[in-house]
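**Q** From TrEMBL, here are the annotated features:
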COMPBIAS  38-49  compositional bias 'Basic and acidic residues'
DISULFID  Cys133-Cys170  disulfide bond
DISULFID  Cys156-Cys207  disulfide bond
DISULFID  Cys162-Cys209  disulfide bond
DISULFID  Cys185-Cys194  disulfide bond
REGION    30-49  region 'Disordered'
SIGNAL    1-20  signal peptide
Amino acid sequence: MGLSQTLLFYLLLCVHLGVSQHYLRLRPSPSDHLPVPDLKEDPDPEYDPREQDLAERTLRRKLGSNFDPNFMSISSPMLVNLSAADNQVKLQGPMPNEIKKLDLTETPYGKRVKVGKKARRKFLQWLWTYTHCPVVYTWKDLGVRFWPRYIKEGNCFSERSCSFPEGMSCKPVKSINKIFLRWYCQGFLKQKYCTWIQVQYPIISECKCSC
């Protein structure tokens, strides 16, 4: 292939990546809003992988060490999602400093009150539990155009306010990226070329009580 033909090929490829597969979005777009909303897929089954394209051994080799059984599943997983109540009780890590260092002996009016060590410890534990923002995980079906097809996605607990008094809510503050395979087609119908490519999928990993 000559230089002019090579340049033409890459130019056509760049243009095609912007318009291929009609209105299909290839991968999750970067966003401050997690979890990732569902991708808008072209419903035409011609863009689905065929049975021979779903050979597990081949796909495992293509994904390599990125396969994480803690967050992805090839077959439909059992619905054993952690409940919000379980996440709230199992507080992880040390107590946050902003709670641990609270001075419970001084009132807003300057008057000091006596608080026993046991009462203080119990109150701080209650406050930590009340303001704790667990990540609640649920399994999600990404569809046949992702491999593995199922992802364990994180959501911030949102059934009640996390502040005292009320007003604040749990929001994502950290996320991790997991590598999946995405079935991607170039061209249209009989002239198309399809293959598996690696894409990053962000998952909420930490939530925090905030405005």
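The backbone N, Cα and C atoms fix where each Cβ goes, and this holds for glycine too.
Could you tell me the structural context for the features on the list?
**A** Around the Cβ of Cys156 (disulfide bond), 21 further Cβ atoms fall within 10 Å across all displayed protein chains.
The Cβ of Cys162 (disulfide bond) has Tyr130, Thr131, His132, Cys133, Met168, Ser169, Cys170, Cys209 as same-chain neighbours under 8 Å, each 6 or more residues away in sequence.
The Cβ of Cys194 (disulfide bond) has Tyr47, Pro49, Asp53, Trp183, Tyr184, Cys185, Gln186 as same-chain neighbours under 8 Å, each 6 or more residues away in sequence.
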